[in-house]
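**Q** For reference, TrEMBL lists these features for the protein:
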{"type": "TRANSMEM", "residues": "B:20-40", "note": "transmembrane segment"}
{"type": "DOMAIN", "residues": "B:77-268", "note": "domain 'ABC transmembrane type-1'"}
{"type": "TRANSMEM", "residues": "B:83-103", "note": "transmembrane segment"}
{"type": "TRANSMEM", "residues": "B:110-129", "note": "transmembrane segment"}
{"type": "TRANSMEM", "residues": "B:149-168", "note": "transmembrane segment"}
{"type": "TRANSMEM", "residues": "B:189-214", "note": "transmembrane segment"}
{"type": "TRANSMEM", "residues": "B:247-268", "note": "transmembrane segment"}
Amino acid sequence: MSSVESLDDASVVTAVDNRSWYKKNRLAIAPWLFLTPAILFFLVYVILPIFQSIWISFHDWDGLGEATWVGLANYVELLDDDRFYTSLWNNLLWLFLFLLAVPAGLFIALFLNQTVFGMRLYKSLFFFPFVISQVVVGLIFTWFYNPNFGIIAEIWNWFGASPPSILGDERYVTYGIIVAGLWPQIAYCMILYLTGLNNVSPDQVEAGRLDGAKGLKMLWYVILPQLWPATFLAIVVTVIGALRSFDMIAIMTQGGPYGSSNVLSYFMYEQALSEYGFRMGYGSAIAVVLFLIMLVFISYFLWSMYQEEKGGH
Amino acid sequence: MFPRPIEKSSVGVRTAYKIFLPIALFIWLLPLLAIFMTSVRSAADINSGNVFGWPSSFQIIDNYTAVFTQSDAFTYFLNSIKITLPTVAISVALACLAGYALAIYRFKAALPLFFIFIAGNFVPFQILMVPVRQLSVETGLYNTVTGLVLFHAAFQTGFCTLFMRNFIRALPMELIESARIDGVGEFRIFWHLVLPLVRPAIAALSVLVFTFIWNDFFWATVLTNGEASKPITAGVRALNGQFVSQWHLVSAASLLAAVPPVLMFFLMQKHFIAGLTLGATKG
């Protein structure tokens, strides 16, 4: 018996030796061959720029001439800049108010989760706002809010009140833009929940009904736990969306009036690349702050995904 | 099913639901209807302040032709196509390769690499802005379609790889292992066995990336400054400045800009939603 085994081993060894170096190691090398193009692209355009930005943030640089090392001066200046605090505060507003898209999306999804005639078309049409460019959404809402002819003005006039200039008033402007941003975001959350509701186990719903659960109780104890994957994804995309908000602000107010609707992403752009001057170093410092804020969320999301990955396989 | 199917409710509730449904949709899409109504009215309406009321005359053909004859809208449109299609092709191709590697092979770096791709996908654009712009200027890619394509393709690779890797992971591993035992080469396994199986994922990613890139505004502003490479999103903004108070033309241009992603969504709805929900849909 043992002699047969050793004979087998020997033949395997000679077979291996006859193969080329690649064939011997192909299971170790092949993944890197498949990965190289993607890694190269990602490295050049995503990973390295992050570190370059951090490096630039320690410099004073107009993007053309020589960069001068200034250490932490950009960050110190930032701490003393009122525009920075306005932007930071607005980012917080965006974050909290934007999250309303999650329950609102759930609400619409529950409303639409029926099977009456033409429901598929209704669902797609409700999803419409998400497919349209934010530039277009921003323009539409700018007209809506126009105090001279906008729909909001018509409603105010109808009640005999003089219409507010939502985008021209420091008190309302950020809320006005957030409402515009919520429109497509609610549509996105809605579609996540509609798919989630599709996958809810009918047995558990039936079991819940037999136990006398219905309405909100059923929603809270039976449905929502099953919808957690949809909720998680909705929160991820909404948080990232809120902190990335740029298009709407650029289109609707350009951060105005007097910088009151600025957020970090737009403030950064304004400092680094607009008529206000090419302060690449200062802009990069703002970008680094925004990056660190997002890193908190990114780490949490990745950690959750890692837990799932460990549990799943 | 939750909530309770409406068929099990009384006739009154059912009728109320069926009446309220179109009303709710009308309110929800009011902004879009308003912009459509604006895009078909005449300049006289706009000047007299009739922007949201019933149009005095319908000039649908006049207005939409005017967008193309009186502006660079056609160039913008063409640029959007030239930017979007290659980006979709490159990022999906890269993601097929990378996703395959991360899903099939067991090696130490697989999980860290996978998480770097996911994390990169979430970073704020601003942290990339200055270096990417600088790189484009230095390599002569600033203000070119190629420059935008290369950046977009690289950035979208993160999301696409995440999606592709999870999709391939769900395929039966035995198929690949038995092919290996039969002595089929690694690339042939990828090409002849795996690629045909991931066609649904390719479709989902293609429609999704198409929509993301078509609607991109930030990078269009950062990496272009002339008409030659400006896509339609940045173009609409430029038109908004050019057609001052000619809202009928700006709305027509905006709606035209929205047509390709909307069409894409309607034609490929199932794939689109599968992509958005990261493949959580069944059937």
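Every residue, even glycine, has its Cβ placed from backbone N, Cα and C.
Note that this is a predicted model, so its numbers are computed, not measured.
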**Q** To the transmembrane segment (B:110-129), which of B:20-40, B:83-103, B:149-168, B:189-214 is linked by the most Cβ pairs under 8 Å?
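**A** Against the transmembrane segment (B:110-129), the leading stretch is B:149-168.
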**Q** Given the cut-off of 8 Å on Cβ pairs that are 6 or more apart in sequence, determine whether the transmembrane segment (B:20-40) and the transmembrane segment (B:247-268) share at least 3 such pairs.
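**A** They are in contact.
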**Q** May I ask for the residues of the chain that lie six or more residues beyond the transmembrane segment (B:189-214) and have a Cβ under 8 Å from a Cβ within it?
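**A** Residues packing against the transmembrane segment (B:189-214) from afar: 80, 83-85, 87-88, 91-92, 95-97, 100, 104, 152, 156, 159-160, 163-164, 167-168, 171, 175-176, 179-180, 231-233, 260-261, 264-265, 268, 271-272, 274-276, 279.
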**Q** Which residues of the chain, 6 or more past the ends of the transmembrane segment (B:83-103), have a CB below 8 A from one of its CBs?
**A** 110, 113-114, 117, 145, 148-149, 152-154, 156-157, 160-169, 171, 190, 194-195, 198, 202, 205-206, 209-210, 213-214, 229, 231
